[in-house]
C-alpha cells in the first residue's frame, strides 16, 4: 500500500510539473517565434541580437556541432537522391552559406540550388546526415554501452560479492526500474519487457543529462527522437496486447450499451493518444527547459542591447541565480521525465498483458485512464 | 529543421541506434545484470531460510537438551536418595549389631565374673576350713596338753551333750 501511494504521489507531482513546464514552454516558444518574425519583417540590422533566433538555433538540430561561436565541429553530410545517388561530404563545405555540389544550407536545412543559385524546392532528396543530434545520439549510445558493459563485467568479477564502483552506483537505479516501475505496473510477466524498459529509462536519462551540458544537443527535446521512442512503445503494447485488452476497447465493461457508440471511438483514440502523449510530454518538457534557460541567459544580452554594458552587468547576478535554480530543476526534470516515460510505458504494457480479473477491473492500473 | 516536424534523417538514425543499443544492451548488459541480481537475491533468500531453519533446529535441540538435563537431574536425585537410604540403613544395621554385640559381650563378662567369684568363694571356703582346722588342731593340741584339761573338756562336752 505504501509503495503504491508513493508511486501515485510521484506520478501526480510529475504530471503537474510537466504540465506547468510544458505550458510555459509553449508560451515562450510562441513569443520567440513571434519575436523572430517581427524582427525579420522589420529587416533587423546586422549584428542586432535576436533572442528568439538564438534560442531556436540552440534547441534545433544543425549540421555541424557548434560548441561556441566560431568553434564548430564539422559533421558528415549524407544525402541520397535518385538522380545523383549517395553523396557524402563535410558540413564545413556548407558553412557560412557556401554552396557545394549544388547544395546550400539555409537555417540548418539543406536545399538543392540550381546553376543560377536559386533554391530548388522541387528537387527530391533524402538527408541522412550525421547532424548534431545524430552525433549526440551516437555519443550517448557509446557512453551507455561503455558504462553498462562496465557494470555488467562488475557482476561477473564480483560474483557473489557486494557490488563495487560504478556497479554499486547504477544498481539501485536498475533495481528501481525493476522493482518500482516494471514489477508493479506489468505484473508477473515483467521479465520479458524489462530490457526495453531499462534501455528506455537510461537512454532518456542519459540524453536528458547530456542535453543539460553547455553546447550539447537537445536530443530528447527533439520530436523525431520522442516519436521513435513512443512508436516503439506503441508497437510493443499493440503486439503484446491479449484478448482482454482488445475486448476492453471494443466492449468496455460497465458501460451502458447506449454509450458504446461514444465509448468505442474514445477507446480507439485512446490507443493512439497514449503514445502521442508520451511523445509530446518528453519533447515539450525538455525543449521547454532549454528555452527557459536560454531565455534567461538571453536577458543579459538584451539588457546589453537596450541599456548598455552597465545594465547587463547589473542584472547578471540575478539572471545567473535564476539560471542556476532552473538548471537544478532541469536536473530533477531529467530524472522525472525518464521515470514518467518508463512508468507510463510499463503501465500501458501492463494494461495490454493484464490477465482479466472481474473484481478489480478498471482500478488495477491506477492513473492510466487519467492521461 | 523545424521544431515540430520530425526530421527524416534523425528518425532513421534514432531507429537504427536505439534498436541497436537495445539489442546490444539486452545481450551484454541487461541479461547478465538481471541474472546476477536474481541469483544474488536467491542466495540471500536461501541464506535467510537456512538461518531460520538452523534457528528452529537450535530451538528443538535446546528443548531436547533441557529435557535430557531434567531427566539427568531427576536421575541424580533418585540415585542420591537411594544412596542415602542405603547408608542410613547400613548405619542403623551396624548400630544394632554393635549394640547386640556389646550386650552379648557384657553378658559374657558378667557370667565369667560370676564364675570367677564362685570359684574364689569356694577356694576361700576351702582355705577357711583348712585354716580353721589347723587352728583348731593347734588350739586343741595346746588345750589338751595337760590331763586335767582333757578331762574337763570331756566332762564339759558330755555335760553339754544331753543324751535325750
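Keep in mind that glycine also has a Cβ here, set from the backbone N, Cα and C atoms.
Annotations in TrEMBL come from automatic prediction, not curation.
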Annotated transmembrane segment segment (source TrEMBL; candidates A:111-133, A:134-156, A:157-179): A:134-156
Range annotated as transmembrane segment in TrEMBL, from A:61-88, A:313-340: A:313-340
Per TrEMBL record, range annotated transmembrane segment [choices A:279-301, A:348-370]: A:279-301
Cβ contacts the transmembrane segment (A:193-213)/the transmembrane segment (A:313-340), at least three under 8 Å, sequence gap 6 or more: yes
